[in-house]
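Accompanying notes for the structure given below.
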Amino acid sequence: WSSRSVYGPVADAEPGDRDPALKKPQGLGEMERLSLTNEDKTMSANLKYLSLGILVFQTTSLVLTMRYSRTLKEEGPRYLSSTAVVVAELLKIMACILLVYKDSKCSLRALNRILHDEILNKPMETLKLAIPSGIYTLQNNLLYVALSNLDAATYQVTYQLKILTTALFSVSMLSKKLGVYQWLSLVILMTGVAFVQWPSDSQELNSKELSAGSQFVGLMAVLTACFSSGFAGVYFEKILKETKQSVWIRNIQLGFFGSIFGLMGVYVYDGELVSKNGFFQGYNRLTWIVVVLQALGGLVIAAVIKYADNILKGFATSLSIILSTLISYFWLQDFVPTSVFFLGAILVITATFLYGYDPKPAGNPTKA
């Protein structure tokens, strides 16, 4: 029955096709197709979990290395976060150009034509990316400020408020409708972050080592980054839906404007230091690791969007929070978790899963 419904009735076949001797190869072909489909499914599942693993590694390692690099006491000047943002943008452009080159069958002529047609010949389309690019540049600079003033675990949990801001901007800008589970998850999320930020005795002891307003500065930096992340993410999604350009082309455009805005930031805020000690002052192996991880961040998220779903992204976020907490406590030793923090972290992890949860409606077999 199934072969008839797919390949058409046997009665319509040519006389030669009715020969039983010729049916065997058709059966073999069907088996080959089934085995290929199974192989595709296995490969798709492998890519899904590989992209998930890479996302967990990238998120956790970026936060921890950035925090470590900003608090490590070293001789000589510390690296400038504004220059690190610019270098990360340039590396992202190079990585995206390589990916476009690969997609164009490793032909330099085809690569040149694609870049010319999609970027130079569409100036208005390219200019649309200036707004999210400027916001992303601000956000990347704010993350350095946040991790200079907050421990990695507190930062990781608080930064999940970007789910709330993204949801609100999606409702207002894309006219998305949120389900009951998603609204409930946003309430749980806010409660969890409030618990994480609740002052404790251990924080009062640590405040002697930190400057008076550093905890507040870190919190304000994270909150501003959450709003900028939500707006820029939804704006970028809106542009992607309106046009048919590839994600890699869009990332090249973002990186181009990001580099320009980043260089303006270097000139305004760190111009004197750069003229005095150079653009790459204080750079070491750890700094380059941070820069590469930051450059890869956007590309990893693009891969996860392609191969994984929201629940797996939530799982990756949860794993990252747990790993950051453990490493902050045992390795960086700049964080002492309290029962209130654990309660807040559990609520945030629950909210992350709940937001990505898509309940399957009960099927009605009688419905046409």
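The backbone N, Cα and C atoms fix where each Cβ goes, glycine too.
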From 143-163, 248-268, the residue range that TrEMBL assigns the feature transmembrane segment: 248-268
Maximum Cβ pairs under 8 Å to the transmembrane segment (248-268) - stretch from the list 49-68, 80-101, 216-236, 338-357: 80-101
Seg_contact(the transmembrane segment (49-68), the transmembrane segment (216-236)) with at least 3 CB pairs under 8 angstroms, min sep 6: no
Stretch contact, the transmembrane segment (338-357) with the transmembrane segment (216-236), Cβ-Cβ under 8 Å, 3+ pairs: no
